[in-house]
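So that we are looking at the same thing, I have put the structure below in structure tokens.
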Amino acid sequence: MDKPKIERAIRDILEAIGEDPDREGLKDTPKRIARMYEEIFLGLEADPKEHLDIYFQDEKHEELVLVKDISFYSSCEHHLVPFYGKAHVGYIPKDGKLTGLSKLARVVDTIAKRPQLQERLTSMIADTIVEKLQPHGVIVVVEAEHMCMTMRGVKKPGAKTLTSVVRGVFQKDAKARAEAMALIDFGR
Ligand SMILES: Nc1nc2c(ncn2[C@@H]2O[C@H](COP(=O)(O)OP(=O)(O)OP(=O)(O)O)[C@@H](O)[C@H]2O)c(=O)[nH]1
Ligand SMILES: [Zn+2]
């Protein structure tokens, strides 16, 4: 990431809005924002598949594994303001290709830390798991609040956007889909 370029750009923006980028409170802001961008856009420099170590296990578990309420923060690519919420990620492993539970959350983080669309975030999580683990099926549900819809524009705080993607058996099997959705709803 080109941090000096980000710093110059932020300085320009501060000037363009009529601020003095050299005043005490702002003088370190371009540097700070460059550091912050490096953190919140970390996923641009990473391949989410790298997280999905496969653990081959003797005991074959070919039933649903679902990690729900994985919190994430992402950036809306239209306005570069945050959208954030929870991702629920389930898969049915095949041929003993299991991964670590935390690895599913790492995939979510890597894909979230880019300028993003909620729809693309959702389908990329599913497709990454399909590619690497070749499971019987994958289901991903994402619920998020978009700051571009709350702090500005249409101003609807509390509005939630839900997106879901299913792959493999979940596409054909309504019962499997209903079971996963019931687990995601469980305890609410
Ligand atoms: N589909 C989709 N739309 C998004 C996402 N994040 C933000 N948006 C929308 O992107 C659209 C951009 O619309 P524009 O009309 O180009 O921008 P705008 O004038 O700022 O729009 P308003 O937000 O309606 O004021 C808005 O409707 C946003 O709500 C997302 O993850 N997925
Ligand atoms: Zn937006």
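Keep in mind that glycine also has a Cβ here, set from the backbone N, Cα and C atoms.
Nobody curates TrEMBL annotations by hand; they come from automatic prediction.
Below, the features straight out of TrEMBL:
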type	residues	note
BINDING	Cys76, His79, Cys148	Zn(2+) binding site
DOMAIN	6-184	domain 'GTP cyclohydrolase I'
Within 8 Å of the centroid of the Cβ atoms of Cys76, His79, Cys148, which other residues of that chain place their own Cβ, given that this set defines the recorded Zn(2+) site?
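Sorted by sequence, the hits are Ser75, Glu77, His78, Leu80, Val81, Phe83, His146, Met147, Met149.
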What's the number of neighbouring CB atoms sitting within 10 A of the CB on Cys148 (Zn(2+) binding site)?
16
In the three-state scheme derived from DSSP, which category covers His79 (Zn(2+) binding site)?
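Going by the DSSP assignment, His79 (Zn(2+) binding site) belongs to neither helix nor strand, so it counts as coil.
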What is the pLDDT of the domain 'GTP cyclohydrolase I' (6-184) when averaged and given as a whole number?
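Overall, the domain 'GTP cyclohydrolase I' (6-184) comes to a mean pLDDT of 96.
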10 Å Cβ neighbour count around His79 (Zn(2+) binding site)?
16
